[in-house]
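First up is the structure itself, then whatever we jot down about it.
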Amino acid sequence: MDALRKRWSAANSLVCVGLDPEPAKFPAHLRSTPDAVFEFNRAIIDATADLVCCFKPQIAHFAALRAEDALERLIAHIHAAHPGIPVILDAKRGDIGSTAANYVIEAFDRYGADAVTVNPYLGRDSVQPFLDRADKGVIVLCRTSNPGAGDLQDLPVDGRPLYQHVAEKVAREWNSHGNCALVVGATWPTQLREVRGIVGALPFLVPGVGAQGGDVEQMVGHAKTGDGTGLMISSSRAILYAGQGEDFAAAARAATLSLRDAINRCR
Ligand SMILES: O=c1ccn([C@@H]2O[C@H](COP(=O)(O)O)[C@@H](O)[C@H]2O)c(=O)[nH]1
């Protein structure tokens, strides 16, 4: 959280670049190279690092390609070449405590991530091994960006939707080390405002701008904290695949700059 606050201020940016490699969308000159997943993502990272508050690799995009080794090397590269930029491993983990303890080792010791996304559905004991790592961030799914988010997350419990209970529990009970944040989708401005009202200045990871169509102005207006921060606004496809040619990294940089500036005009 300290590193995140420093980046908000040093980079003057709330942008999180998501790393979701899809080789079919890579530029042609890279597609056939042996280490294409690493080379593509490294070029994106190096072209955008000064413009972001954090990076967010999505683990399934690497695992599906048998590219976990590339993910390890990319996170190591971020720490070595761009020190101080937090890396969120988007893995949405959630399981019984003994298995969760291994997910903790995977995220923080194997991959070297600074934070990980977790699913709260199994309850406090499933998240506790993550919470116990006081030096690491735990980002809990609250109101996700996808169209079916409300199927379960909106179910009424004691007269209020379930996601509001998640927000309250995380802010009041699970955050004793000050290392928690919430995932709230940019596609749900009303819910962003409600959750911000419940949790004070707790940071939000906000996916859903760019390819999913979330409105930047509405989202920032509803979700920012009093000092105009509090957000890691994540965009993956709209940045990664902004260009298809040899200049793809420059195109990604231009898309990141444009998102950063659009956000900053609303803060
Ligand atoms: O509620 C959620 C939680 C996570 N995600 C992840 O964020 C990115 C979004 O990619 P875009 O290309 O910017 O749409 C992706 O990795 C998702 O798994 C989310 O979209 N919504």
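Yeah, the Cβs are placed from backbone N, Cα and C, and that goes for glycine too.
Taken from TrEMBL, the feature domain 'Orotidine 5'-phosphate decarboxylase' covers 14-252. The active site, proton donor feature in TrEMBL is assigned to Lys92.
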Cβ distance under 8 Å to Lys92 (active site, proton donor), same chain, sequence separation 6 or more: which residues?
Thr117, Val118, Asn119, Leu141
For Lys92 (active site, proton donor), what is the secondary structure by DSSP, using just helix, strand and coil?
strand
